[in-house]
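Quick look at what TrEMBL lists:
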TRANSMEM  20-40  transmembrane segment
DOMAIN    27-479  domain 'Major facilitator superfamily (MFS) profile'
TRANSMEM  83-105  transmembrane segment
TRANSMEM  112-131  transmembrane segment
TRANSMEM  137-159  transmembrane segment
TRANSMEM  171-194  transmembrane segment
TRANSMEM  200-223  transmembrane segment
TRANSMEM  285-309  transmembrane segment
TRANSMEM  321-343  transmembrane segment
TRANSMEM  350-374  transmembrane segment
TRANSMEM  386-407  transmembrane segment
TRANSMEM  428-448  transmembrane segment
TRANSMEM  454-475  transmembrane segment
Amino acid sequence: MPAVGGMLLGDGKKEYPGNLTPFVMVTCIVAAMGGLIFGYDIGISGGVTSMDSFLEEFFPKVYRKKNLMATKNQYCKYDSPTLTMFTSSLYLAALLASIVASTVTRKFGRRLSMLFGGVLFCSGAIINGFAKAVWMLILGRVLLGFGIGFTNQSVPLYLSEMAPYRFRGALNIGFQLSITVGILIANVLNYFFAKIKGGWGWRLSLGGAMVPALIITIGSLVLPDTPNSMIERGQHEEAKKKLQRVRGVEDVEEEFQDLVAASQASKTVEHPWTNLLQRKYRPHLTMAILIPFFQQLTGINVIMFYAPVLFNTIGFKTNASLMSAVITGSVNVAATIVSIYGVDKWGRRFLFLEGGIQMLICQAVVTAAIAAKFGVSGIAEDLPQWYAIVVVLFICIYVAGFAWSWGPLGWLVPSEIFPLEIRSAAQSMNVSVNMIFTFAVAQVFLMMLCHLKFGLFIFFAFFVCIMTVFIYFFLPETKGIPIEEMGKVWKTHWYWSRFVTDSEYHIGALEMGKGGQTDRK
């Protein structure tokens, strides 16, 4: 039976009364638009770097290697540290911004952090759109990175705190859906802007980032802050009224008191960054580091950053490569919708494991296909149509596997498992690790492709295998657990229970009882 007034259910889970109100739906949709700026940038950067007019103006050495030199080695024609710095500088800036964003998000609320993100991203888009030199491109990318650092730190937290726990997975994945929509929009725009006569379409592609930036900037001004954040800043009366509106019921006393208790406990923590190192937070710290680490080493950003470049490298013409990127972007959006449907129905672990196996199989097929045609020389003539279809098909299946597993869950799971006292710091750790390895992969991908050749896909497949095993053994299921009761999943886990004692975690006002079996199945 469902619980009333925050009572514990027979299986030990706690339920709070509340509904999925139109108010929550609208606020979560608007907040999730923060993902548009991240997705748009991921999609746009790979597209413009495959446009000859862009390369000729800013990266003439790459242009000559691609179009004028006699070499036919497809693996190495885009290898340029300067070109990869154009893409990857954004993620280094996002890393730095996410650390500052932790303090802003905790002390001033999630909305202000979103506002900063939108304004900074808009500034970077304007500079890039009017760029006349490489330094302007890099400056614009750095500002874009600052914007992404703030929004990626605050939006997942906002969604996890605002959503009713029964729908937290689906609403939080709205952030990832916005990322995929942003990628798709960018791919479509690149395809059409590349056709503009005069070769200035890349300016529209880069400057167009102002649109998603304005959406999240305006959205942050009209959104309410979360009850958790308001309580954290001492606004208890306003927080209770907001919680009643968010849940759509008057009886929110039990949940409100649990939020207040969690906030009071969090205020005893003077140094949240130092406290992350405490033994009882070992599970949280591990997930905050390894989930984003593995997410980037799936190889997905190789596909999404450089999809047009990659397809061009394996024999597609420029327009065909841009269209192939549109196809993979469409698959990305559709598969993310599948995740929204299934995450609170099938659970996080099932999607993680299924997606990992699917990606591993696809990487093996793509590796074999590229090795068979290009070998180690990187030279192939007259690629048949069936070959192109096979490569695009299995890359699409690979993208689908990521888009309903590691893509959305890489943001959802870390944002929902952290206790309030370390939540902002831990989320910053999550974003920082994500950006470190996004930067690293973006910076070295083209060099690795040149040297490892088709072995690059074997490199990523190895990590997909490792991370799937990691999820099977070490990630407990968090489906249907209220965010303030999440400590329970560690206490009942076969491995993490050795780090968490009964006295260190409470379920609401009730101390969590001993027992529970492993969630590993």
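Heads up, residue numbers simply count up from 1 along the chain you see.
Just so you know, glycine gets a Cβ as well, placed from its N, Cα and C.
Of the candidate ranges 20-40, 137-159, 171-194, 321-343, 350-374, 137-159 has the most C-beta pairs within less than 8 angstroms of the transmembrane segment (428-448).
Of the recorded ranges 20-40, 83-105, 171-194, 350-374, the transmembrane segment (454-475) has the largest number of C-beta contacts under 8 angstroms with 350-374. Just going by CB pairs under 8 A, the stretch in 200-223, 321-343, 350-374 that sits most against the transmembrane segment (112-131) is 200-223.
Within the chain, the transmembrane segment (137-159) has long-range Cβ neighbours (under 8 A, six or more residues past its boundaries) at 28, 31-32, 34-35, 37-38, 41, 58, 85-87, 89-98, 100-102, 104-105, 110-111, 113-114, 116-128, 131, 168, 171-172, 174-175, 206, 209, 213, 216, 223, 226, 411-412, 414-415, 423-424, 427-428, 431, 434-435. Tertiary proximity for the transmembrane segment (20-40) is limited to same-chain residues at least six positions away from its ends with a CB under 8 Å from its CB atoms, namely 114, 117-118, 121, 144, 147-148, 151-152, 154-155, 158-159, 162-164, 166-167, 171, 174-186, 208-209, 212-213, 215-216, 219, 222-224, 245-248. Per-residue pLDDT, averaged over the domain 'Major facilitator superfamily (MFS) profile' (27-479), rounds to 84. Stretch with the most C-beta contacts under 8 angstroms to the transmembrane segment (171-194), considering only 200-223, 321-343, 350-374: 321-343.
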